[in-house]
Amino acid sequence: MGGLSLLQLPRDKFRKSSFFVWVIILFQKAFSMPLGVVTNSTLEVTEIDQLVCKDHLASTDQLKSVGLNLEGSGVSTDIPSATKRWGFRSGVPPKVVSYEAGEWAENCYNLEIKKPDGSECLPPPPDGVRGFPRCRYVHKAQGTGPCPGDYAFHKDGAFFLYDRLASTVIYRGVNFAEGVIAFLILAKPKETFLQSPPIREAVNYTENTSSYYATSYLEYEIENFGAQHSTTLFKIDNNTFVRLDRPHTPQFLFQLNDTIHLHQQLSNTTGRLIWTLDANINADIGEWAFWENKKISPNNYVEKSCLSKLYRSTRQKTMMRHRRELQREESPTGPPGSIRTWFQRIPLGWFHCTYQKGKQHCRLRIRQKVEE
């Protein structure tokens with residue numbers, strides 16, 4: 001009893017203390033005070049709400065939708081590797097979303113695939129859908145395949161980026177790049193951040209000589225497209241091909257093309273001549289990380305926003321170029337059911353969307369900061 005008496009409070013003080021305890025509990029429930037601190041480099045959504053995005057969204061002009069290419073994450077961009085990331089499904093309607101700005105792609109793709117009966121595998125592009133405007137290399141592939149489904153989707157849940165439109169499906173005969181859509185939150189909206197396109201613009205942006213960004217085309221033939229095992233042939237001319245059986249770079253294919261022409265190894269008959277690659281040949285020549293030395297727009301889109309920490313890459317030495325590793329096996333991912341790292345960087349969890357009068361309204365979810 002003596003021990004208990006030390007813990008007891010006078011009745012009036014007990015009422016005051018319990019009152020303040022309940023006030024603190026209700027206050028925490030109402031304002032969602034963070035009960036922990038960030039002790040490592042891993043940020044949770046609730047922690048980012050408090051520590052990263054503290055600015056209030058004053059206008060929708062502060063939100064900028066940007067297309068981010070997957071090749072910036074180091075995925076293999078050769079045709080045999082890329083086609084393994086795409087697959088056919090039925091019963092899922094395609095979805096299209098617009099975006100305001102994007103990167104210049106090093107690798108784009110253009111597919112025209114037919115079924116064995118001669119019908120088309122891929123749907124034509126809807127009105128208003130044009131090809132991705134900035135491509136260094138366009139991989140044009142023709143061929144046949146079972147195409148077991150209505151549409152070709154991305155197996156990792158990414159988008160196919162077209163000209164300021166991103167779709168979940170591949171359209172026939174249109175240049176596209178693989179990517180995702182992110183939303184940048186600018187502290188203050190600036191008119192110069194995203195310049196509006198001219199009223200009249202060329203259908204093919206790459207024809208604009210002022211861009212200093214020439215586009216090169218590589219042609220392929222694919223057999224059994226959409227199946228687990230497919231064959232990819234690099235086209236030298238109408239009768240000369242090279243079988244591609246491992247990851248490679250666009251620069252390697254151009255060098256291979258020049259070598260075959262130089263040594264006059266073309267087919268001299270009406271039949272097909274198919275070459276195979278020597279196992280000792282290095283197929284990743286010239287593959288410097290394009291995002292470190294490619295030509296960019298004169299106006300660098302650099303803004304300090306509350307999402308800057310999310311898109312900050314690992315620290316690297318300046319004035320250095322690094323080779324991208326192209327191996328048969330991709331880097332290990334998380335446990336089954338996890339999301340790819342490049343997909344986790346999309347801050348979709350910070351926007352709260354509601355439907356009012358048949359229209360969708362989205363706003364940034366900002367937790368109020370408790371004044372000390």
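Glycine is treated like the rest: Cβ placed from N, Cα and C.
It should be emphasised that the depicted structure is a prediction, and the values quoted were computed from it without experimental measurement.
For reference, Swiss-Prot has these:
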| type | residues | note |
| --- | --- | --- |
| DISULFID | C108-C135 | disulfide bond |
| DISULFID | C121-C147 | disulfide bond |
| CARBOHYD | N40 | N-linked glycosylation site |
| CARBOHYD | N204 | N-linked glycosylation site |
| CARBOHYD | N208 | N-linked glycosylation site |
| CARBOHYD | N238 | N-linked glycosylation site |
| CARBOHYD | N257 | N-linked glycosylation site |
| CARBOHYD | N268 | N-linked glycosylation site |
| REGION | 320-340 | region 'Disordered' |
| SIGNAL | 1-32 | signal peptide |
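Mapped onto this structure are the features recorded in Swiss-Prot.
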| residue | record | DSSP (3 states) |
| --- | --- | --- |
| C108 | disulfide bond | strand |
| C121 | disulfide bond | coil |
| C135 | disulfide bond | strand |
| C147 | disulfide bond | coil |
| N238 | N-linked glycosylation site | coil |
| N257 | N-linked glycosylation site | helix |
| N268 | N-linked glycosylation site | coil |
Could you check which of the recorded positions (C108, C135, N268) sits closest to C147 (disulfide bond), going Cα to Cα? C108
Near the Cβ of C135 (disulfide bond), how many other Cβ atoms are there if near means within 10 Å? 24
Of the glycosylation sites listed as N238, N257, N268, the one whose CA lies nearest the CA of C121 (disulfide bond): N238
At 10 angstroms around each C-beta, which of the glycosylation sites N238, N257 has the fewest other C-beta atoms nearby? N238
Taking C108, C121 as the disulfide-bonded residues to compare, which has the smallest set of other Cβ atoms within 10 Å? C121
Closest of the glycosylation sites to C108 (disulfide bond), Cα to Cα, picking from N238, N257, N268? N257
Its Cβ having more other Cβ atoms within 10 Å than any other among the recorded positions C147, N268, the winner is C147
Nearest of the recorded positions to N257 (N-linked glycosylation site) by CA-CA distance, picking from C135, N238, N268? N238
